[in-house]
Amino acid sequence: MRLPYILALDQGTTSSRAIVFDQDGVVRSVAQREFTQIFPQAGWVEHDPEEIWASQISVAVEALSRAELRSRHVAAIAITNQRETAVVWDRETGRPVYNAIVWQDRRTAGFCDQLKAAGHEEFVQQRTGLLIDSYFSGSKVRWILDNVPQARSLAERGRLAFGTVDSWLIWKLTSGKLHITDVSNASRTMLFNIHTCQWDEELLRLLEIPASMLPEVRSSSEVYGTVQTSLGLESIPIAGIAGDQQASLFGQRCTSPGMAKNTYGTGCFMLQNTGERAVPTSNRLVTTVAWKIGDVVEYALEGSVFIGGAVVQWLRDGLRLVRSSGEFQELANSVKDNGGVYVVPAFVGLGAPHWDQYARGGIFGITRGTTDGHVARAALESIAYQVADLLDAMQRDTGVPLPELRVDGGAAANETLLQFQADIMGVPVVRPSVTETTALGAAFLAGIAVGLWSDPQVIAKMPVEQKRFEPRMGSAEALALRHQWEKALSRVKGWEEA
């Protein structure tokens, strides 16, 4: 007998997670497993698709076990995933032809420059809502076709399949019966027309990608099929798909135009719901599909920062300044301010609203009085400064001041960060008590599809406990700090440009 539980698979950049939710949106169990980050060259980031699959299926089974549930009890599986990351596999063997090229990967920066120089940027933005950048999937697929032996010939014979991580997981869950994605993930590929909600033939010709490689595009909330594997999840309906940031927007109940959220993950991602209108940007954000439920497509403005919480990983694993995230928090709180130090974590370039793929990281303002605490504090504050830059750009595009910013993600547990975020923006920051909003958003989408909830309005009215951080800093002090941040930003731009 199916019970009112949703199993959400949350496949992220550094770990695979599975969360069981009940009908009230309460977490009943969580399982998580990190997987290998592969760095073959400077600026290259890869994952092993088979390891992604193995880690995801293992945590799914573990989460059910912890909740004392069997597959027959689960109403539906929901899938949310790191977006833009490109997987290409052989339909006949089911094996990837190359590692997944991760959204952070910059190997195609030169190719993207060629597209811009040839005058394609306006056309691409009009069709996709995106800027030409190696961040998005299209150029990654082109690289695989051009650089993996026999890949192009196999693709032209219809042997190869491309998908974002959701497509790969669903292919594996259904033993190759379904090759699908949803509109939110498709809109991140640089191959998808967000106005017609179809793959764009002119874009495919521009990037020389055969249409036969592409998954079928479906809505974000429907029963797509059932699990076909015998790994403990058999026969569960697969009923909701959304890219991680769109899922987070839905999980934060930002279901009305004008509402916005920011996720502090490996990167930072701010989205604002713009309703059924795809709002064009003049401030180097991107226009993206938020979700499709039934026949209604909703859109969002988005700004993406490449390095957010990952700056803490760098201090831990790269500089070895701390041994754990808890130790980082203590170090950052050991000083009252940044001591004039600014960290710009442009390790893989700068995302929105700057879009400088040749920027590189820097630390500025160091004196003999600088301590490790100041560096840690500056690293923490760098996350907030980047988010403030996104907020400014978003408000310029919409012309509407944001009344509050809803937040989630791992670093949202850091109250020092959230208070500084409110201070530097001059806007209240609101954190829900349950920060699993990405998985929750996907669970809501799946639950609507199988009838646990009737529509988004019901979900928007569900009670949410939250903590609110009001701005305390004076505007003059905030402006002075922002000025120094902007000065540091200007130093790192174009660092590696030829």
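Cβ coordinates are placed from backbone N, Cα and C, and glycine is handled just like the others.
The ATP binding site annotation in Swiss-Prot covers Thr13, Thr14, Ser15, Thr266, Gly309, Gln313, Gly410. Under the DSSP three-state reduction, Gly410 (ATP binding site) is assigned to helix. For Gly410 (ATP binding site), other Cβ atoms within 10 Å of its Cβ number 17.
The ADP binding site annotation in Swiss-Prot covers Thr13, Arg17, Thr266, Gly309, Gly410, Asn414 and is backed by sequence analysis.
Within 10 Å of the Cβ of Tyr135 (sn-glycerol 3-phosphate binding site) there are 30 other Cβ atoms, across all protein chains. Under the DSSP three-state reduction, Tyr135 (sn-glycerol 3-phosphate binding site) is assigned to coil, being neither helix nor strand. Residues or ranges marked as sn-glycerol 3-phosphate binding site in Swiss-Prot (evidence: sequence analysis): Thr13, Arg83, Glu84, Tyr135, Asp244.
Positions annotated as glycerol binding site by Swiss-Prot, on the basis of sequence analysis: Arg83, Glu84, Tyr135, Asp244, Gln245.
The ATP site, placed at the center of the C-beta atoms of Thr13, Thr14, Ser15, Thr266, Gly309, Gln313, Gly410, has further neighbours from the same chain whose C-beta lies within 8 angstroms: Gly12, Gly265, Ala310. Sorted by the number of other CB atoms within 10 A, the binding-site residues Thr13, Ser15, Thr266, Asn414 start with Ser15, the lowest.
Comparing the binding-site residues Thr14, Gln245, Gln313 by how many other C-beta atoms lie within 10 angstroms of each C-beta, the top residue is Gln245. Counted over every protein chain shown, other Cβ atoms within 10 Å are most numerous around Arg83 among the binding-site residues Arg17, Arg83. Rounded to a whole number, the distance between the Cα atoms of Asp244 (sn-glycerol 3-phosphate binding site) and Thr266 (ATP binding site) is 12 Å. A gap of 14 Å separates the Cα atoms of Tyr135 (sn-glycerol 3-phosphate binding site) and Thr13 (ATP binding site).
Our reading of the ATP binding annotation (Thr13, Thr14, Ser15, Thr266, Gly309, Gln313, Gly410) yields a largest Cα to Cα distance of 14 angstrom. In this entry, Arg83, Glu84, Tyr135, Asp244, Gln245 make up the residues listed for glycerol, with the farthest two CA atoms of the set 15 Å from each other.
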